[in-house]
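The structure appears below as structure tokens.
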Amino acid sequence: MLTVAMPKGRIFEEAVELLRKADYTLPPEFAESRKLVIEVPEENMRFILAKPMDVVTYVEHGVADLGIAGKDVMMEEERDVYELLDLKISKCHLAVAGLPGVRMNQIAPRVATKYPNIASSYFREQGEQVEIIRLNGSIELAPLIGLADRIVDIVSTGRTLKENGLVEFEKIADVTSRLIVNPVSYRMKDEAIDRLVERLSAVIPQ
Amino acid sequence: MSKKLFMFEKPLGMRDTLPFLYEMKKRVRQAMADEIEKWGYEFIETPTLEYYETVGSVSAIADHRLFKLLDQQGHTLVLRPDMTAPIARLAASRLYKDGNPLRLAYNANVFRAQQHEGGRPAEFEQIGVECIGDGTIAADAEVISLMIAMLKRAGLQHFTVTIGHIGYVNALFLEILGNEERASVLRRFLYEKNYVGYREHVQSLPLSSIDQKRLLQLLSLRGCGMMLEEAKEVIHCEEGKRAAEELAALLRALGMYGVADAVKFDLTLVSHMSYYTGILFEVYAEHVGFPIGNGGRYDDLLEKFAHKAPATGFGIRVDRLIEALGESEAEPNIECIVFSQERFAEAIELAAAKRREGKRVVLQHISGIRDIDAYSKRYPSMTYLLGSKEKE
């Protein structure tokens, strides 16, 4: 049996749609369910629903054989898992944003983000020394009330930025969802995983 | 009363071993050490501290994961991060003289600083062997078979050994990409397990579609022995073909040892141990998310200690193996004799007699016990020698 860690929220529906396209029979109430563990005996699979940031952790520890995780999470967490497929769903990108016309504060440059590792290595690569402030959500708030001059966050349509009067300054990386696999499962359950990879690759949008 | 900071704390990643776990470790360790000795390997010990310049720098553990300290003269020392480098040093300096094979074994704690999640062990026990001076496939087959025999002796039932060949990967990359620099970029993707990045990178290279296809094909070169035929076709150069042939010869040898069922091949396997030069392997068990052991051939390591010799070996992580085995029921069978002052001599005699029979006996003065009910629950068997001796 394969255990798959699915990210709750934004990616979930697109991931379920992709699985259905690959001909996996998933129960119709899959998306509405409040259960955290959903068994699908017909496919010999079990799905667990986790916070997107935690999917990589479940997979690294092997309690889930596979998972679907955004590249943003992979970059932030740097876990020891196989990144097997680019599912090409939930496309967005990581970007640096802020209020238009506002320069980085020269005395105390601050960057607010949900991704402290990505932000810190990005600014270090540019040779800029900044203070990274970790927030858990509503990152756009930070420049509006003066917590930080810049934010590092994912941008998909750009609507949230626009509605809050923010603009994108630099793009850090493109982000899509990936199929990730625990290294032990990849070897112990190789046949089942290869089959899943094959079925999914056939339906990944090009 | 003032409470000292860190009174119960240990440095990050360091752990105490309580009696219950100690017993389990001991059982598993003894079973495996016994098997190792039966195969004629001899145990050695090396110091916990080594020079950073020598053992520290040739060991394959990343610099930021080494525990470093200074000796009184200001030399940088490391807590040994693995056992292979110290054994290579020892063999090159003392034991490996006449060029004949040397079979050594070790059981020791190694130290690697952790970055993620504080609780992961930074000190852990490894047990393993090194077969030095033997470049034959028979030696590779022997160490893999010994590892399998050890795991079985320890009681592990479901496990898989995955075997790769770093020489094959290197030869394929060099053959197609032309230089080591480009090869190392691709190897890094494999090492980081980033197949998406690997594919994207291959597609961005100015290569013929046939060569691109060969590089992508590498990712699917895994499975049982049948795959080895395909591997031989993918590669053209002499060196690569030889690597594929070595794997086929290894499979035949493992068949003779009767352990071919326990192994699989995967040519994408590249280890974080950068000193491997040929056949390399990892072992996985059900319900443990991390490899429980790994090993391989390191034909260039001894040369760093001015003594060229081929070598192969492996190490098993005792903590992960125990996790894979799960908790066992067997409790240590310790008896307890509680005595009062009048019968002290008699108690000593009884304890000595039982100990001569090989039993584990606690001898406890009644006055030292605060709560006899709680104390007696601790041992499966209690004998009381209390009060003045009754006439029998």
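The backbone N, Cα and C atoms fix where each Cβ goes, and this holds for glycine too.
Please treat TrEMBL annotations as automatic predictions, because they have not gone through curation.
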Further L-histidine ligand in TrEMBL, beside B:D82, B:M83, B:T84, B:Q126, B:E130, B:Y275, B:Y276, within candidate set B:R112, B:R153, B:R252: B:R112
Within the predicted model, mean pLDDT of the domain 'Aminoacyl-transfer RNA synthetases class-II family profile' (B:22-325): 92
Which of B:T84, B:Q126, all binding-site residues, has a Cβ with the fewest other Cβ atoms inside 10 Å: B:Q126
Neighbour tally for B:R112 (L-histidine binding site), based on other Cβ positions within 10 Å of its Cβ: 20
Assigned conformation of B:D82 (L-histidine binding site) - DSSP reduced to three states: coil
Site with most surrounding Cβ atoms, counting all protein chains shown within 10 Å, from the binding-site residues B:Y275, B:Y276: B:Y276
